[in-house]
Amino acid sequence: MERPEAGGINSNECENVSRKKKMSEEFEANTMDSLVDMPFATVDIQDDCGITDEPQINLKRSQENEWVKSDQVKKRKKKRKDYQPNYFLSIPITNKEIIKGIKILQNAIIQQDERLAKAMVSDGSFHITLLVMQLLNEDEVNIGIDALLELKPFIEELLQGKHLTLPFQGIGTFGNQVGFVKLAEGDHVNSLLEIAETANRTFQEKGILVGESRSFKPHLTFMKLSKSPWLRKNGVKKIDPDLYEKFISHRFGEEILYRIDLCSMLKKKQSNGYYHCESSIVIGEKNGGEPDDAELVRLSKRLVENAVLKAVQQYLEETQNKNKPGEGSSVKTEAADQNGNDNENNRK
């Protein structure tokens, strides 16, 4: 093995880095279809390859240390490879003006190319993704719900009683594969970034595996080619900028942050097209504090689910107690003694 020169790496290490980078890029491409509408589709892959910007200053690193470093890189890559987000924090878009404007945009694109109708996101699904995560079972979902509830006071302290207004203007794409409405520049962006970082930290402290927050780019997806593999087979490989040229600087409206939902990517969507929601937090008040219909439905559903779960748990506990040896007979004996005493009292 050749000794690397000061400040550089040898050819073998260079080939390993290139091979690792290529494998990471292939993995990123394979998972892009499922995550492409999330804000982390453009995460820098250097960390996955163990590449840093720091020069190598220790030229006499032992072979043992090389093995340790290699093992750490493999574990980090394996952890990243096994990580597959299935839940996310969503800021739902409820402003009818924004929804109407996006539907006009979608129809304008479809009129120019009818094939793209299959690439459009339904209006009930419009949202901003704040954080993606992996929750593998019901216990982890409950931990996620607890983390979401803990997030509420941090956000309210950050906003200090003020509304966070999110104005949407203009169109952008991710690699001409995903079309989204841009969040206009302003102080609100920094506030939203801080909320995202706080959410990332809160969920990580609970032991939940979450996505990278440093590449968070808030956006509102309205179309993505990955929704229909048929498009690529029929020659539609990119979103032509000419299709949305008239909307390039269009003002779509403002959304006031009032709710954050913990949603599932995989469970069946609600009847209105919105994602399955495990729990929500309300930030401030909307319309005088009156919850909307969708929120009432979610709260009612959650209450019913909790009631059913408690009833099932109680039934299981009672069944287990009855089946324990000795307890059943003692219960019967106590009941018999009680009946005997009652009969004796009646005779008296």
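Yeah, the Cβs are placed from backbone N, Cα and C, and that goes for glycine too.
Here Swiss-Prot has His219, Leu220, Thr221 binding CMP, and the candidate from Thr94, Thr129, Thr319 in that same listed site is Thr129. According to its DSSP assignment, Thr129 (CMP binding site) is in a strand.
DSSP classifies His219 (CMP binding site) as strand under the three-state reduction. Averaged over the region 'RI-alpha-binding' (295-319), the predicted model reaches a pLDDT of 70. Remark: of the binding-site residues Thr129, Thr221, the most isolated position is Thr221 (fewest other Cβ atoms within 10 Å of its Cβ).
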